[in-house]
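Per TrEMBL, the features are:
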{"type": "ACT_SITE", "residues": "H97", "note": "active site, proton donor"}
{"type": "BINDING", "residues": "W31, S65, Y66, E67, C89, V90, I91, F122", "note": "5-amino-6-(D-ribitylamino)uracil binding site"}
{"type": "BINDING", "residues": "E94, T95, R136", "note": "(2S)-2-hydroxy-3-oxobutyl phosphate binding site"}
Amino acid sequence: MSTAHKNLSVYKTNGLKDMSSKRIAVVTAEWNEEVTFALRDGAIETLLKNGVKEENIISATVPGSYELSYGSQVFAQRDDIDAVIAIGCVIQGETKHNDYINNAVAQGLTDVSLKYNKPVVFGVLTPNTYQQALDRAGGKHGNKGDEAGITALKMLSISDF
Ligand SMILES: Nc1c(NC[C@H](O)[C@H](O)[C@H](O)CO)[nH]c(=O)[nH]c1=O
Ligand SMILES: CC(=O)[C@@H](O)COP(=O)(O)O
């Protein structure tokens, strides 16, 4: 189902465990910051709404989405971090650069998650246009950051991570 037929900010919370002790890092790319900071804010708001304490949310930035893999690893390797949310927006340009970034960050985040055995959420938009990005950062399709936030909590609820 494409995002056009699903609001990214509508989610179910049944089955969520107590999140009051969970510590979550949110790593945000600065490229397209009007979009990524809106995604970040949506993710953090969703964490707070669902029981994560403000003092247990660690927020950091990296220059671009390509750096999200390393930026996420910096936190994933820490014993006091239970999950990482990676936030970015890679907009298609004239060349294939966006494809290389998207592929690298998708694989990189997966590698970090499996290496450190904890959720690392792919909260990266890969739109064709800036408008598509805005539509998914609090626009008509909701906020991808909300989806990333609840995804982290659902992953922490499926077993005793
Ligand atoms: N064009 C976009 C980039 N490009 C920058 C890369 O992510 C990276 O920082 C650079 O290649 C140096 O390693 N990043 C985005 O997040 N979004 C873009 O649209
Ligand atoms: C995804 C990007 O890095 C993008 O801004 C590059 O644009 P272009 O492919 O036109 O150089």
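Every residue, even glycine, has its Cβ placed from backbone N, Cα and C.
TrEMBL: automatically predicted annotations, no manual curation.
The structure, with features from TrEMBL marked on it.
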residue	record	contacts (Cβ under 8 Å, 6+ apart)
W31	5-amino-6-(D-ribitylamino)uracil binding site	P63, G64, S65, G88, C89, V90
E67	5-amino-6-(D-ribitylamino)uracil binding site	A29
I91	5-amino-6-(D-ribitylamino)uracil binding site	N32, N98, P127, N128, T129, Y130, A133
E94	(2S)-2-hydroxy-3-oxobutyl phosphate binding site	none
T95	(2S)-2-hydroxy-3-oxobutyl phosphate binding site	none
H97	active site, proton donor	none
F122	5-amino-6-(D-ribitylamino)uracil binding site	A86, V105, A106, L109, T110, A148
R136	(2S)-2-hydroxy-3-oxobutyl phosphate binding site	T3, L8, L125, P127, G142, N143, K144
**Message:** Near ligand 2, meaning Cβ under 6 Å from any of its atoms: which of the recorded positions W31, E67, V90, T95, H97 fit that description?
**Reply:** V90, T95, H97
**Request:** List nothing but the one residue from C89, V90 whose Cβ has the fewest other Cβ atoms within 10 Å; the candidates are the binding-site residues.
**Result:** V90
**Message:** Please give me the CB contact count at 10 A for S65 (5-amino-6-(D-ribitylamino)uracil binding site), counting all chains in the structure.
**Reply:** 30
**Message:** Checking proximity to ligand 1 here: which binding-site residues out of S65, Y66, T95 have their Cβ closer than 6 Å to it?
**Reply:** S65, Y66
**Request:** Tell me the Cβ contacts of Y66 (5-amino-6-(D-ribitylamino)uracil binding site) under 8 Å, same chain only and six or more apart in sequence, or just say none.
**Result:** I101, A104, V105
**Prompt:** For the 5-amino-6-(D-ribitylamino)uracil binding residues given in the record (W31, S65, Y66, E67, C89, V90, I91, F122), what is the largest pairwise C-alpha separation in angstrom?
**Reply:** 16
**Prompt:** Going by DSSP, is E67 (5-amino-6-(D-ribitylamino)uracil binding site) part of a helix, a strand, or coil?
**Reply:** helix
